[in-house]
């Protein structure tokens, strides 16, 4: 059979107080796609950092054997010289530079000390072709979508003569279409003999492309499966990842939906903030019953986040028209404050940019949106704040030694819980959750779902915006499909599957009914 | 022992600053042959640095919101000039003159704040422009001349002392009593806080540690007032700074507004989506800076007994240095009022100590620059280690 291209033997890496990797063994065959699965904090990223030289030789124990040689990478350049290239989850692209400049960033094509622009452009073209991207390499990064940015990152990896490509959550920010494309591309690379390590939370994708799957848990290798040789199911992987059975990915909810419309959007129209001719949302009508969870499905760019933000105190868009009804009465939200006062909360899709003050602690983050609750004539009652936020921390099971812990040090799941906690603290009736489980692991997802269900059980109404269709179907009672700013359909949970949703999401005139 | 370690490690930043201040003070006490900490010189240090401390309060808040104000030195000069025109040339009543000057400070702050908060021009550019504008307008207003002297009642703000109603002779009895009173107020305050914390189950330190803290604070307060009492007692400007300190420290710590300021600096996007009007916060922070610059301008003019075109040159840098040495981060969201005071005192003692030693202004600048760099380096290394 094929040779072992890479073997990591007995890798142990400790940080002060934590053993991040504990005697990890990891073998990759040449030319395969090998998925690395595990919850956040399981050690996947650390392992890849050891492999790529981010954690240099000497800071860990164990051996890395690559192509039969024992490797001692001192930095990222060392590993890249050998053809090991990692594409990180967070893009390292510079928005104001062109695609070509980004591809050759740090590896500029030079002729006699000056940049060889012709060479740069023509080589970029070749590389872009390889990743199936047909765009002018002079286009600025900020002008292309996330899906294309991801491809540029991969093209950049190719510019380094990649033999072993490591992709860390490559589809986390992508919509279904782009993800699909990317996965196809990986299969093409495989034909060209490139070995890929794929780190992903999305098990359906893992199963779609992988030849082998290795599961890490708590810094230890649990098992390596060979997908071809044995029958592997998602449940087996999940069980290995979390160390217990998860019979249902979505917790059961005691439904108590009342026939009472608590929130309604009528004829909502929104235009682009800069290009005011461009209509982003067209005559959107949405209804929400008490205790109901409603999903909004749409591709990236369909206007999902724009819809949420334009409702939430007009934080997005221009020339906004339409009406909002809360408990049957017409309301207007000119500012975020108005929206909060009327019991609406919006948990943004990007928790680091728009949700948290990362340098601040859990307590201050939770209390921020409702300081009135813990103050008297603008003077804070710090003790009350302490007990109230401590309650939220316990209620949401935020894992941290204390509420004085800085949020930057928390895991993604716990950060998301803090953001949820902040909005629960405002005692809302309506919660709009934008990608509530993006980039967090299976265990934490389950807990977030439980929290969402509890809120609905308490009679709150919830809108979930998500790119993950199984999540929408698993959690919602009703789902609206949104395509290019138009609501193309309203579906009962029982009546849909992913395919039906996808048809409505991609077809503006609504899915053609069979 | 463990709790003590925890307290120290949680507060290294604050402790570190205070320790640095003490070390610098002891060093200069030694280098100046004991002159630094004489009652006369301590009083001098307070007087000399009063306006820098005031500017540091404002600058700290500006820096916490993630902005900067380079115009404060020029505003100090401009307001000094205006006060000279109003009080000396126009002979207006002192109260009216002070009021109008502060109003002009607020207006200048509003001017800066408008461009920064609502037009979204980077504060560095806006206040660089204001720095030039108001330095120029100072020259215009003064016609290149110096206006002097100011009325005595105006000067008392920066030069007078609180009289001793007990006639203690060599020792200023009132000052000592104030020290005792402050100690009592402080102990009551801390005790009530502690009871409150216990009520809400907030972690409290052990009894012995608590008592040790009270004893140390009491010793510091009373030593300080005792030293002051050996000279003229408490300067009026010290009282002013003390109250302004209390106002700002509680504002930043205990009010909704303070929390909003930290939030805007920590992550403006998140703050906005939490219902905070970040434009408004930034605007008022600049207005506040303008008022404090005006107050500093008045005190400086009073101390100099003249309004001069070159007043306040470089004050913005001293204020920024004070805030940064005191732990404020230029990226916003971090910093304390207490730290800014300590930072201003570090700069003040450096200035004063080196002057007493007869070091020229050239070397003084260079050394101050190195100290600033060292303080920030320490901070960054410490954070990395953490």
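Yeah, the Cβs are placed from backbone N, Cα and C, and that goes for glycine too.
Copied over from TrEMBL, here are the features:
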type     : residues  : note
TRANSMEM : B:12-36   : transmembrane segment
TRANSMEM : B:42-63   : transmembrane segment
TRANSMEM : B:94-116  : transmembrane segment
TRANSMEM : B:123-142 : transmembrane segment
TRANSMEM : B:171-189 : transmembrane segment
TRANSMEM : B:210-228 : transmembrane segment
TRANSMEM : B:234-251 : transmembrane segment
TRANSMEM : B:281-300 : transmembrane segment
TRANSMEM : B:320-346 : transmembrane segment
With a cut-off of 8 Å between Cβ atoms, can you find at least three pairs linking the transmembrane segment (B:12-36) to the transmembrane segment (B:320-346)? Only pairs 6 or more residues apart in sequence count.
yes
Could you check whether the transmembrane segment (B:94-116) packs against the transmembrane segment (B:42-63) - three or more CB pairs closer than 8 Å, residues at least 6 apart in sequence?
no
Take the C-beta pairs under 8 A between the transmembrane segment (B:171-189) and each of B:123-142, B:234-251, B:320-346. Which stretch has the highest count?
B:234-251
What stretch in B:42-63, B:123-142, B:281-300, B:320-346 has the biggest tally of Cβ pairs under 8 Å against the transmembrane segment (B:234-251)?
B:42-63
